[in-house]
Amino acid sequence: MGLLTKVATSRQFSTTRCVAKKLNKYSYIITEPKGQGASQAMLYATGFKKEDFKKPQVGVGSCWWSGNPCNMHLLDLNNRCSQSIEKAGLKAMQFNTIGVSDGISMGTKGMRYSLQSREIIADSFETIMMAQHYDANIAIPSCDKNMPGVMMAMGRHNRPSIMVYGGTILPGHPTCGSSKISKNIDIVSAFQSYGEYISKQFTEEEREDVVEHACPGPGSCGGMYTANTMASAAEVLGLTIPNSSSFPAVSKEKLAECDNIGEYIKKTMELGILPRDILTKEAFENAITYVVATGGSTNAVLHLVAVAHSAGVKLSPDDFQRISDTTPLIGDFKPSGKYVMADLINVGGTQSVIKYLYENNMLHGNTMTVTGDTLAERAKKAPSLPEGQEIIKPLSHPIKANGHLQILYGSLAPGGAVGKITGKEGTYFKGRARVFEEEGAFIEALERGEIKKGEKTVVVIRYEGPRGAPGMPEMLKPSSALMGYGLGKDVALLTDGRFSGGSHGFLIGHIVPEAAEGGPIGLVRDGDEIIIDADNNKIDLLVSDKEMAQRKQSWVAPPPRYTRGTLSKYAKLVSNASNGCVLDA
């Protein structure tokens, strides 16, 4: 099958059915008609020359801000990409949007703004692309919600687009010489150091050393946490050039990617490849397979469902379960494993893992990518994983025979829940509930020593869902504190909120319906027995139907926490977690 035929047959949604002849097919509406003279006058003011008005315009958007290591370098990458675009004979139109640092806001009310920043990013990219008639888009994200945000926008505006991932951070190194601290540390080490400190495993000097050196410079949090999970998913989907997700932020490869992006996007435009040609059901199945095989974040469930929705593709948590049932966990990445993303490029990068999965018949090979190659064609060009490498385990000897992402249903979550269960803490848990109305109350109880080793406890943190919190904040601070305190095998953690990609332990989140909507999680009381059976995808509250009916009758919906501003709007519009928390369902 020829390339043009592949593009045409893969195209499901675009209004154009042939390879683009006119590369400025949108911007010409502004730059060419004499009746748009005022528009052209405005462009002259920005530095346009006469010859620029015929050039295709590429919106180069970054999620830059200086206050976060994930994003602090993105303006530099934007400038570099823009220079490359100009050299390719195109016109770079630079713009920027906001971000939220989960690592900084974690454990505070600021985390309520995190998930809704995904929608702001998607809306802002869609808005400027459509309003300013840009012909193509280079998106430069780096922190957790950045990647799904820009991908959602691509699905909406459906103009030739390439994502340039900001890149992963390098590991940090402690300096105090303590044998209790790993030689390679990262942001999760800093979170866990608090639990280790309050349990007297760490001295104050050791805790301070971890905090000071966990993040050595620019780049996204280093393990297979949410940012690296979603960057990898974007690459498997086909929205990046090869190995964009595995080039570290501080690397010559990342700079070379930016320096060559002009020719890449020009080729994408010439071939007429649009995001919805790439974002097919088969491509999403590939992305899910990769996420499961490499131990990716539970947030991938929310985000990939939302990205699929933007492209008109029906995807649900049940698709994750179907794929997880037959996909072994083979990536030995933090938080539950040993390695960080910066290690992967040393064994061939994301493309080598794709090649391994494809050669073992685990991926669809006919999906399209931004370079015009199919996934299979890219895989054939990629190097094989070197013999003896230990980051990706052989399929014959996996870390876990099936996936770590488990979709659970039962009397506690009739609309579904997402479990992150690697098997290290087991696959079955039965314990008595200890209920907290917000995460801060749990941290205080832990500090007081109320959560005890040897007692099988199911910690329930509720009213943290998309509408109830609002914003469905992540529970990395509680999960890290539990692990740091050494309670990973004694405590299961349940919430209608989310978990960070850096979380590990016996964790169940995304519980639907959430407490604020009258879901069963809102009716749990201290001492209730709860069973989590990951092998059978069940999560049940062992309380009689009669008792639950009585509790439901006396339940009163809490008043909204916000009645003005962005979170108030979000709470009114957001769909449930099983539908991706989209606002336009």
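Positions of Cβ are set from backbone N, Cα and C atoms, glycine also.
Per Swiss-Prot, Mg(2+) is bound by Asp144, Glu474; the candidate from Asp102, Asp186, Asp496 named for the same site is Asp102.
Among the candidates Cys70, Cys581, the one that Swiss-Prot lists alongside Cys143, Cys221 as binding [2Fe-2S] cluster is Cys70. Residues Cys70, Cys143, Cys221 make up the record's [2Fe-2S] cluster site, and a Cβ search at 8 Å around their centroid adds Asn68, Pro69, Asn71, Ser101, Asp102, Gly103, Ser142, Asp144, Ile169, Gly219, Ser220, Ala227 from the same chain. Apart from the site residues Asp102, Asp144, Glu474, the chain places the Cβ of Val100, Gly103, Met106, Met111, Ser114, Cys143, Lys145, Thr226, Asn299, Leu476, Arg498, Ser500, Gly501 no farther than 8 Å from the centroid of the site's Cβ atoms, the recorded Mg(2+) location. Secondary structure from DSSP puts Asp102 (Mg(2+) binding site) in a helix. Rounded to a whole value, the Cα-Cα separation of Asp144 (Mg(2+) binding site) and Cys70 ([2Fe-2S] cluster binding site) is 9 Å. Annotation note: Asp144 (Mg(2+) binding site) sits in a coil segment as assigned by DSSP.
In sequence order, the binding-site residues near Ser500 (active site, proton acceptor) (Cα within 10 Å of its Cα) amount to none of Cys70, Cys143, Cys221. Cβ neighbours within 10 Å of Cys221 ([2Fe-2S] cluster binding site), excluding its own Cβ and spanning all shown chains: 31.
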